[in-house]
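This report concerns only the one structure given below.
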Number of protein chains: 2
Amino acid sequence: MIVVQKYGGSSIADKEKILNVAKRIKKRVENGEKVIVIVSAMGKTTDKLIDLAKSISNKPHPREMDMLLSTGEQVSIALLSIALNELGIKAKSFNAFQLNIQTTHDYTKARIKDIDSDKILRELNENSVIIVAGFQGVTKHGDLTTLGRGGSDTTAVAIAAKLNTSCEIYSDVEGIYTCDPRIVPNAKKLTYITYDDVLELSSLGAKVLHSRAAELAKKYNVKLYCASSFSEEEGTWVVDKLPEWLEQPVVTGATIERNQIKITINNLPKDDVILKKIFKELSEKNINIDMISMFSDADNFHLSFSVLNDLKDIIENSIKQIDSSINISYQGLFDKVSIVGVGMKSSPGVAARFFKVLADNSIMPELVTTSEIKISVLVSKEKSEQLLRKLVKEFSLGS
Amino acid sequence: MIVVQKYGGSSIADKEKILNVAKRIKKRVENGEKVIVIVSAMGKTTDKLIDLAKSISNKPHPREMDMLLSTGEQVSIALLSIALNELGIKAKSFNAFQLNIQTTHDYTKARIKDIDSDKILRELNENSVIIVAGFQGVTKHGDLTTLGRGGSDTTAVAIAAKLNTSCEIYSDVEGIYTCDPRIVPNAKKLTYITYDDVLELSSLGAKVLHSRAAELAKKYNVKLYCASSFSEEEGTWVVDKLPEWLEQPVVTGATIERNQIKITINNLPKDDVILKKIFKELSEKNINIDMISMFSDADNFHLSFSVLNDLKDIIENSIKQIDSSINISYQGLFDKVSIVGVGMKSSPGVAARFFKVLADNSIMPELVTTSEIKISVLVSKEKSEQLLRKLVKEFSLGS
């Protein structure tokens, strides 16, 4: 039986932790399983490499940045393979080139197009464990790419999807929680969660899973299991539908996404040409804008949206390129607080309860968006954690 | 005009040094040259990676070791390319995979078989600088290899040979010296040296150049220039023949090679079957034995040779495999002191002068070997530096 496992940076941060992971894998091999392991860079390696590059250039060349960053995972696969071979387990490591992990050529945020899974299976015939560098890929021209923060999750899910198997994702947390236990200590660990909820939570900045990984898992129906590499505690299963016997929660989780700004573009003419251009330009640059709100008066309309503060310059440049006379203003920093749950679809009144919490605590949101399965508000940094705790209480997310 | 340059680890040990190298390259580009740059890993990176691997396994799997070590050079090429692009120079970095630097599959000491120099030239059409990861290669099966310590020199010379151009090798020393200036402060810097002398000096442990690089340079007549990346001091030219106008020295340089042991195999039967087996076994394992000395009595013969102390275990295992009853003994540690010079060929009496120095200083060598262009002795660690200084004086190697 083939199992796909992914270990995050904190799970292999030093030699002791690498040996710990090697021992966990060894047990599975002794259990008769063939194991495909995907690893991230050790500990804070990626951050350190980024700092080094930024000390040389404010805007490091993106192709060269990916050449640089992909070394982190290559160090990890080699060391884990050395550890496994030391334990007497036949293991072999592979980088993106060797498995032809084909991606788009969007440096620093490439998307996987295909993986040579036949080679993985061939190598698995002769070895007990195949170790794959996560996070990295290669374009059809042979340039190295990376998949963006958390991209190793995506590598793991993509391989599991190709091999039609499930995927275990190990980190330093024991599963997926209703919200961040560092902010809300009584956050509940979930035993099951749906792809849709994980997808929303991930794109809302909860660091449970790379959102592209959740997307792929949903698309190819890859069963995920998220747990800690440091304990034997039961983790969280990510599935298509919650088991029938489980009480179906209305709200599954709550998140805070930090470092948001509100961008407002005033006095746009009432034809939609410029608006189309703006959205086209931003989407071509892979910029995720969110919480879009529009308001129009007699002659003009006005557009607001939230983005990560880091993207301010690139957005300003993009819009000024279209028309340098466009009037842009900024407010922030804010936090985005959200609740998520597929159960909201069938439970009316969730929005009303959400806004009552806001009113009871005198919190005035800057922007609001709602979908069938989430509600998000942009609020001041001072109020965001208070709001989160109140929402946890209102929707019974604590234990 | 195309120029090939190689920068060693100490020349790019931190971001300031990387920027310094980038500026040197920029000058050459502004001078109208196209530059191919080969770099080593930054500073002590390779040592740190080796330590990390050895903290996990006493005998790290060689394939995985090369997967690990080749990351060091990839970090360097990316950062140097980032620095050059920051200075407005169009530069692009390539690892061994991307240039198909084909090697044998002897992990940790592979030999280059071919390089896709057409790709280098194609890329040089569109870029001013091509940066190549030294030290690493790839087998025909797509496994990563490394070329052994100092292997980046070999990558550089191999590329220069393919492109039929000269090669500049930069480090933290200002050229090639008659002997190690850290031991003999008045060691002379040479303006010219022959391939043959460099080859002997390199294989005797003088860290002037990777010996495989000297071999390739001689074979393909690649003119080398060795200098410091930290100054504008004139360095050393490595050439086929010294210029006619130069006074032709009898002895070119003197070296100390540390950490030697003497291995003695006693009472071998007088047929040569076992001896052949021993030499075949050691050469298949790419083990360089040196200073071989044989002595025979009526019934048996006895064999002694020197090797690096690190190789003791692997040699013992190899010989015991052939015949476990073979009697092996060890002595050491010793140092090997040598003088080298193509001028010795045409100057009789050098050996006599060498042995007079030994006798005058009451130094008794354990082993002696001589060739047409070198004399080596194995002596106690306590006496080796004294001997070196006396030889420097005797053969006018000081300034």
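Glycine is treated like the rest: Cβ placed from N, Cα and C.
Caution: TrEMBL annotation is automatic and unverified by curators.
Here the structure is a predicted model, which means the values were calculated and not measured.
The DSSP secondary structure for B:Lys6 (ATP binding site) is strand. Sequence-distant contacts of B:Lys6 (ATP binding site), defined as residues of its own chain at least six apart whose C-beta falls under 8 angstroms from its C-beta, comprise B:Val37, B:Ile38, B:Val39, B:Ser40, B:Gly134, B:Ser152, B:Asp153, B:Thr155, B:Ala156, B:Cys167, B:Glu168, B:Ile169, B:Tyr170. For B:Lys6, B:Tyr7, B:Gly8, B:Gly9, B:Tyr177, B:Arg182, B:Lys207, B:Val208, the entry in TrEMBL reads ATP binding site.
Less than 8 angstroms from the CB of B:Thr46 (substrate binding site) sit B:Gly9, B:Ser40, B:Leu69, B:Gly72, each of them six or more residues away in the same chain. TrEMBL lists B:Thr46, B:Glu73 with the feature substrate binding site.
The domain 'ACT' annotation in TrEMBL covers B:263-331 (among others). Per-residue pLDDT, averaged across the domain 'ACT' (B:263-331), gives 85.
Summarising the annotation, TrEMBL assigns domain 'ACT' to B:339-399 (among others).
Set side by side, the binding-site residues B:Arg182, B:Lys207 differ in how many other CB atoms lie within 10 angstroms of their CB, and the most is found at B:Lys207.
Long-range Cβ proximity for B:Tyr177 (ATP binding site), meaning a same-chain Cβ under 8 A and a gap of 6 or more residues, is found for B:Ala187, B:Lys188, B:Lys189, B:Leu190, B:Val208, B:Gly253. Rounded to a whole number, the C-alpha distance linking B:Gly8 (ATP binding site) with B:Glu73 (substrate binding site) is 10 angstrom. Looking only at the binding-site residues B:Tyr7, B:Arg182, B:Lys207, the one with its C-alpha closest to B:Glu73 (substrate binding site) is B:Tyr7. Under the DSSP three-state reduction, B:Tyr177 (ATP binding site) is assigned to strand.
All chains included, 29 other C-beta atoms sit within 10 angstroms of the C-beta of B:Val208 (ATP binding site).
Cβ environment of B:Tyr7 (ATP binding site): B:Val21, B:Val37, B:Ile38, B:Val39, B:Ser40, B:Leu80, B:Tyr170, B:Ser171, B:Ser229 lie under 8 Å away, each six or more residues apart in the same chain.
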